[in-house]
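Only one structure is covered here, and it is reproduced in the block below.
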Amino acid sequence: MVNLTIDGKQVAVEKDATIYDAAKACGIKIPILCHDKKLHPFGGCRMCLVEVEQMKGRLIPSCTTPVTEGMIVQTTTDEIVKARKLVLELLLLKHPIDCPVCDAAGDCDLQNLTYEYKVNMNRFVDEKFNHEIDYENPLIERDMNRCIHCGKCARICDEIVSYGAYTFINRGIEAKMGTEFDGPLNCEFCGSCVSVCPVGALNSRPFKFKARWWALQKTKSVCSYCGTGCQLTLGSKDGKVLTTIYDENQGFHNGQLCTRGRFGYQFVNSEKRLTAPLIRKNGKLQEATWEEALAEVTSRLSAGKSDPASVAALATPRLTNEELFLFEKLFRGTVGTDNIDHSAGYAHEALTKGAKASFGVTASPAEIADVQKSNLLLVVKSDAYETHPVIGFEINLGVKRKGIALRIVSDKKGKLTRLPGAKTTVHAPGSEIALFNALCKSVIDQGLAAEGVAGLDALKAAVADATAEKAGVTAEEIAAIAKDFASAEKALIILPIGQGYPGHNAALANAAANLAILTGQVGKEGAGLLIMSEKNNSQGAVDMGIYPKGTGLNAQAIIDGCANGNVKTLFVAGENPVVSYPNRAKVEKALENVEFMVVSELFLTETAAMADVVLPACSFAEKSGTFTSLGRRVQNVRKAIPAVGLAKSDFDILNALSQALGGARYNNQGEVFTEIAANVPAYKGLTQAGLKDEGAVYPVTLAAKLVPAAAKASAPAAGKLALVTGSALYHCGTMSRFGEGPMYVCPDAYAELNVADAAALKVAEGDQVTVTSGTGAVQVAAKVGKRVPQGVVFSPYHFGEGSVNTITDGSEVTYVTVAKK
Amino acid sequence: MIMPLIKGLQITISHMFKKPVTLQYPTERPDVKPGFRGLHTLNVSHDKAKCVACYLCPTVCPAKCITVEAGEDQNHDKYAAKYEIDMLRCIFCGYCVEACPVDAIRMTEQFELANYSRADFTYTKERLLEKK
């Protein structure tokens, strides 16, 4: 620790702190324009000038000067104020005074400082800039006339997002923030640059002119897309969510969001939202009252009570813990059926079966904070970045700032594979388990296994014939990864799961866990296995027991049950099986066949359109509760706006049904959380009030053991391409389709081909192609690149039209033929 | 006892010979002084309302009677797509005029604002635009 004095205050800080950090630590605010706590010091704006006793004679920029022992710092003297005023005058020389029409006004650092330092005159005169303004981009509006050259946009894009869309171009007075060849922005559209811009040079286009900053009601909540559990602040006005507000002090990610989190909020106030219950009369869905709709559902469910096996229920893991708990209690308890499930049944197996068998818990042994504490990350599928972009940013930061080694085993390349020092092993599609078994064998063969691991002999026998060739990689690659992983002080495996990855099942979780356990990389921080569940509350759905526990049917079997008539009543809360479950034709047929289907949904989705009763539900912005993120962090979700139309939250719907069916009735969702804390062991001792803003990570007690995982031999079909599905960077599940932001950037389904395959098929970028498998055929646009290896096709699963589940059947890899339309 | 009565009558009688204060409205019209705060008007320049929809007037309005909604025109400029004043709530304090950074709103000398229905007291942008 280093001791120094700032404005007469004694302060002790770490030796790598700057004067700015030290002042912040003792509550002294130094004005600054070019600094963000996530970024490296830059020293570009000269606003943070301070006086140091030991360096008299000149003013020192506090953000780039490291502290030294015994430093005596003054942060405001007449001379400093004069210097800061000069800086502001020079900035205002070129900055247009268009605050009345600038959306940053109210949240503008330059405006606030100008006011604070009373700069109402300017000694200098000059012409303003006349740069062309980029109005074309649907998400980020760039007005370089307002830019003050703090460089934050370029730095955040480079340091954290690792994209590098911006750079300074030209010199001197002509310098400006430029893009590639000074053309339009063509990036990931995460909006990080918009969030850190201290002025209105970079604006969120969807929020343009919607409201002034001071009129917004700010509500701290949690993002409702992926399982990362990023905290965000919703800006709402007049019952509408208008924007997300940047707060550098929120969450592990320090306010950093991806494109869905920042620009995907519009689904909340979409015009397509359901505003009244619908009942099918004479074959058509017609508006009805809540009483009618609930009476209909109640009568069907109470009839089902006498034959519980004929009732089944599917829930989306986007609901809150409270809703899921009530859902479980209603169907497993009151109705008495075990036929409840979520996420197509396979997308949570890695937790409910895999982690359960290997670690004795239904959660990841590691948490998100372990990513930064690790020495080596082994990422399964480069898609980890696409499915969970903010964890991708964490990986970027870890690799670039802390020198964490990065090993990727994937069926295609991706953004993570381009990070410095990243070593990528591209394996044959669908051979993840074989690859992990080969890694385990290599660890044992090289004598790197940790001592005293129970069940080693059984594993040895199980992986005896696991060769690198079976995974389509070389023995040297396997040996190198095994050696690096075993010899790293702390090594963490990152495994994304989800409906796009049928192959990421229980067996793969076991295989990955085996490697961690075998090398002793469990039970310590920065090591182990981080299973990244797909949706915002996937972990919560598992914790609340939304999966068959006894002889009940899982999601796939429920669909089969609907088809063969065993399931007569189906309750669907927010799931969209028609688009997200494998084999669309089969699902559609099954849902047509089921006697009575009720769907509670935000939108009239493909599934809701087939229902007998549709109940309009609330989005995350219209209700309070808790979500549990993939790192086992339980966080508060807060209501920002009143319900849209006549919509009711799933909590209210389930509560009403529960009461009508003779089950429990709650006064509010808070009561349910109290019951969760009393009934779910992991949540013991938690209260909603106690979670505060930061949430709480619930602890797990691991009972790690080796569970041999059998690799399925996949048989590549001659002359066919291997189709692997997954997530597009801009989408999550099927809900992001209703957000304008994601749809501007990625509106249609596509199939990504290797350049060589595309050339052989005479397909060019953007061509419509027909992808045919044994299950069906679908038409999508082609995307050509070098990301996927030859012989592999990648397609994201989110879209309703050209949905890839038309041709998949739930196996790891689907062999397809691609032909130009 | 009698003296205050006489004094009072004296004042009453003296007023009989003075010019009456009461204005025989509407036959007689008041002389409205400059600076009077009457009905608002939106200033027009180059055939367009000067208002840039900065929302400072609804922000400063103590009676919360101004509703503004901004829009984006063909030149990507900000303009007031909706500008409404609820005259039933307005307290004619003139803060809106003071807050306006572009001299877009003024108050006229018009004070005759009576109307027959509540809806007629909602002054839309069209009604408020300066008549030339």
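Cβ from N, Cα, C; glycine included.
As recorded in TrEMBL, the features of this protein are as follows:
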DOMAIN    B:42-71  domain '4Fe-4S ferredoxin-type'
BINDING   B:CYS51, B:CYS54, B:CYS57, B:CYS100  [4Fe-4S] cluster 1 binding site
BINDING   B:CYS61, B:CYS90, B:CYS93, B:CYS96  [4Fe-4S] cluster 2 binding site
DOMAIN    B:81-110  domain '4Fe-4S ferredoxin-type'
So if I exclude everything within five residues of the ends of the domain '4Fe-4S ferredoxin-type' (B:81-110), which remaining residues of that chain have a CB under 8 angstroms from its CBs? That is, six or more out.
32, 36-43, 49-54, 56-57, 59-71, 118, 121-125, 128
By CA distance, which of the binding-site residues (B:CYS51, B:CYS54, B:CYS100) lies nearest to B:CYS61 ([4Fe-4S] cluster 2 binding site)?
B:CYS100
Where does the mean pLDDT land for the domain '4Fe-4S ferredoxin-type' (B:42-71)?
94
List the Cα distance (Å, whole number) between B:CYS57 ([4Fe-4S] cluster 1 binding site) and B:CYS96 ([4Fe-4S] cluster 2 binding site).
5
Among the binding-site residues (B:CYS54, B:CYS93, B:CYS96), which are close to chain A, meaning C-beta separation under 8 angstroms?
B:CYS54
Please report the three-state DSSP label of B:CYS57 ([4Fe-4S] cluster 1 binding site).
helix
When DSSP states are grouped into helix, strand and coil, how many residues of the domain '4Fe-4S ferredoxin-type' (B:81-110) land in each?
5 helix, 9 strand, 16 coil
Quick check: of the binding-site residues listed here (B:CYS90, B:CYS93, B:CYS96), which one has the Cα closest to that of B:CYS54 ([4Fe-4S] cluster 1 binding site)?
B:CYS96
Just name the winner among B:CYS57, B:CYS61, B:CYS90, B:CYS93 (the binding-site residues) by count of other CB atoms within 10 A of its CB.
B:CYS57
Any idea which of the binding-site residues B:CYS51, B:CYS54, B:CYS100 has the thinnest Cβ neighbourhood at 10 Å?
B:CYS100
Non-site residues, in chain order, whose CB comes within 8 A of the mean position of the CB atoms of B:CYS61, B:CYS90, B:CYS93, B:CYS96 at [4Fe-4S] cluster 2:
B:CYS57, B:VAL60, B:PRO62, B:ALA63, B:CYS65, B:ILE66, B:ILE85, B:ILE91, B:PHE92, B:GLY94, B:TYR95
Around the Cβ of B:CYS96 ([4Fe-4S] cluster 2 binding site), the count of other Cβ atoms that are within 10 Å:
23
Between the Cα atoms of B:CYS93 ([4Fe-4S] cluster 2 binding site) and B:CYS100 ([4Fe-4S] cluster 1 binding site), find the distance and write it as a whole number of Å.
14
Tell me the coarse DSSP state (helix, strand, coil) of B:CYS51 ([4Fe-4S] cluster 1 binding site).
coil
Looking only at C-alpha atoms, tell me how far B:CYS96 ([4Fe-4S] cluster 2 binding site) is from B:CYS51 ([4Fe-4S] cluster 1 binding site), rounded to the nearest Å.
12
Could you tell me the C-alpha distance between B:CYS90 ([4Fe-4S] cluster 2 binding site) and B:CYS100 ([4Fe-4S] cluster 1 binding site) in angstrom, no decimals?
17
